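Heads up, the thing below is written out as structure tokens.
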Amino acid sequence: MARDSDPLLRTRPQAPVQVFRETDLPSRDGWPLLNFHRANTMVQHLVDRVSVESLTKLKPEDASTHPTNYGELKSPLQLEDGSLRPANGSVSAYSWENLGMLTHIAAVGTVYGTVSGVIYSVLNNYLHMSTTLVATATALVTFPRALRIFTGMLTDTCPIFGYRRRPYMIIGWSLSFISCLLMAALPLGDPYYGDPSLSDIALVDMTPDQLATLNTDAPSRGVKLIILMMIANFGSVMAYSGFNGALMDASQREPEDTRGTLIGDVIVIHYVFMVVSSFMTGIGLNGEDYGGTFSWTMGFNAVMWVCAAASFLTIPFSWYCIQEVKNERAQMPILPFLYDVFQQEVIYRYSAFRFCFSVFSQITVTASSVIQSDWAKVEPLNSGIASMLTAFLTISGTYLIKNRGLQWNWRYIIIVCEVCVVCIDAIPTLLTIWDVYRSQWFWLGVPLVGEVPFAAADYVAQLLILEIGNQKGFEATLLGLGVTTESVGTPFATVITKSVDGYFDIERTFIEQDNHHVRSQVTYTYLIAYAFNLLSIAAVFWLPRQKDEVHEMQQRNRKSKFFGILTMSYLIFSLAWTLMTNILSLFDSTSCLRIAGGTGC
């Protein structure tokens, strides 16, 4: 680089320097009389003067193009192979030192997949809870994921015995183990229908003798299960935060061309064990009391024993098979870091994308579970098979992106997935609603594709976070920020769904009547949901197209206090509002409120 091309290297004009030859120095018998130490001091003094005078003050217009803090000066953004961190251990998910990652994600797939899977068979069918409470259970069970930024902050800033990852993974899986153990040990009680054959008869058409066989106290027992399920999921979230820090550290040591492979492998393993959990809940909970056709059943308690075992077995691997450097701390306090990071262009655009896409793409209909059981006659076995097919489809898509699509345009991936899902979803839904063709296998095409755009968006969002390479020490917080932004949108979407559907006659008692008025009401709610789903496509324009665009944003280093404060505000508001409204829907005295999804008190 020419010296005059950069103001940091440009020198002021200097007086001509006289050059002395060795023969010009005074000497005696051929030896210079100049003391060597004094000569060295004079030369060093001259170098210091030239160095100081060579530095010019930056002009105001040049200040924005030069590094201004240690985080920008400390090292180049990428190494020679494009990796964001120097090599230090294996980056393969299948090596012994990373085996703890695989056991962790396998346990997450088992516990989270099972807890989510029993909502339909246990809460909707066995205990016969209302549609609003079933939707609330889904939201509350997933709600702990919205706390990932806080658990990530905890792991980044509060080491235990010098470690920031392993102890929190152990604490999280211990909490999950205790919750699953309680659900396994506590009796579930009798089902709502003493005679399973009565489930096909509307309440208004039952005789007094048939009504006397109903266990009307069964729905109230579901609240206890919802709370325990939420605690079990919170334990896995706590463990996930410690896992995230180790995952991001290893992923940023991957070369640029293959960066994202480790995360792709982790996602594949996650969905493989989601298949296992779906198989377990589909086969094991397909008895008549759970809405199935088998004369035998594994039972809810036995399923929870499996989850407790998975949680317990993960604990030793979380300590011995996780890469972590002891006493490695973050560079700065967490609150100044968050205040600064929310002002960065790449972060507030990323947060806006994940929040808006999550909210609009996941708005659905509260009566979907009742339609599934009453109109489509879906058995838990077939529901589990559909969930397995969904997981296989997601695995295939993730594998394709991991091996062929790491350089694809991120926006196109999400747009194509979302449009295809809405179009495919509308066909079996509308034909089932209007009784043109009702079949459980036809209906099950809906969940078969519903998770694909969500999984694609999640994978792409994690790839984006990996490119933010100058935040060492806050790995769990950064990945937690993405998950929180997306997760707080999920129950927020549920709240919107319940608020909108509260104006239509689609409760369980109406669905059981199955007349023209009810079908029209259900159709309106689905059309509204589809409109919101398509609107989510607009959010992808906040998303960078690829890795290079992320790096360009970082190099521009644009910051906005307005958008930073706005981002923090809507995340905090959404978190508080969703928690409040979902808790209100758990109690009879407040569940009637429209904000809680009721029809008004």
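Cβ coordinates come from backbone N, Cα and C, glycine included.
Note that this is a predicted model, so its numbers are computed, not measured.
Listed as Cβ neighbours of the transmembrane segment (99-120) (distance under 8 Å, sequence separation of 6 or more from its ends, same chain) are residues 93, 134, 137-138, 141-142, 169, 173, 176, 180, 229, 232-233, 236, 239-240, 243, 246-247, 250, 266, 269-274, 276-278, 280-282, 285, 291, 300, 303-304, 306-307, 310-311, 313-314, 317-322, 369, 372-373, 380, 383-384, 387. Taken from TrEMBL, the feature transmembrane segment covers 99-120 (among others).
Per TrEMBL, the feature transmembrane segment maps to 126-147 (among others). Residues 115-116, 119-120, 188, 191-193, 218-219, 221-223, 226, 229-230, 233-234, 236-237, 289-291, 300, 366-367, 369-370, 483-484, 487-488, 490-491, 494-495, 497-498, 506-508, 575, 578-579, 582, 585-586, 591, 596-598 of the same chain sit 6 or more residues outside the transmembrane segment (126-147) yet have a Cβ under 8 Å from a Cβ within it.
The transmembrane segment feature in TrEMBL is assigned to 168-188 (among others).
The transmembrane segment annotation in TrEMBL covers 225-248 (among others). Note on the transmembrane segment (225-248): residues 100-101, 104-105, 107-108, 111-112, 115, 118, 122-123, 136-137, 140-145, 147-148, 151-152, 154-156, 164-180, 182-183, 262-263, 266, 307, 311, 314, 318, 322-324, 465-466, 475-476, 478-480, 586 of its chain, located 6 or more positions outside it, place their CB under 8 angstroms from a CB of the stretch.
Annotation source TrEMBL lists transmembrane segment at 260-283 (among others). Panel annotation: around the transmembrane segment (260-283), residues 91-94, 101-102, 105-114, 117-118, 121, 247, 250-251, 254, 298, 303, 306, 380-385, 387-388, 391-392, 394-395, 398-399, 401-402, 406, 455, 458-459, 462-463, 466 of the same chain, lying at least six beyond its termini, place a Cβ under 8 Å from a Cβ of the stretch.
Proximity of distant same-chain residues to the transmembrane segment (303-322), defined by a Cβ-Cβ separation under 8 Å and at least 6 residues beyond the stretch ends, is recorded for 96-101, 103-104, 106-107, 110-111, 114-115, 118, 165-166, 169-170, 173-174, 176-177, 180-181, 183-184, 232, 235-236, 239, 242-243, 246, 280-281, 284-285. Positions annotated as transmembrane segment by TrEMBL: 303-322 (among others).
The annotation transmembrane segment is assigned in TrEMBL to 352-371 (among others). Proximity of distant same-chain residues to the transmembrane segment (352-371), defined by a Cβ-Cβ separation under 8 Å and at least 6 residues beyond the stretch ends, is recorded for 120, 124, 131-132, 134-135, 414, 418, 432-433, 453-454, 457, 461, 482, 485-490, 492-494, 496-498, 500-501, 506-508, 511, 522, 525-526, 528-529, 532-533, 535-536, 538-540, 542-543, 567, 570-571, 574, 597.
Taken from TrEMBL, the feature transmembrane segment applies to 383-401 (among others).
Under the heading transmembrane segment, TrEMBL lists 413-434 (among others).
The transmembrane segment annotation in TrEMBL covers 524-543 (among others).
Sequence-remote contacts of a segment are chain residues at least 6 beyond its ends whose Cβ falls under 8 Å from one of its Cβ atoms, and for the transmembrane segment (563-587) they are 132-133, 136, 139-140, 143, 146, 223, 226, 338-339, 342-344, 347-348, 351-352, 355, 484-485, 488-489, 491-492, 494-495, 498, 593, 595-598. Residues annotated as transmembrane segment in TrEMBL: 563-587 (among others).
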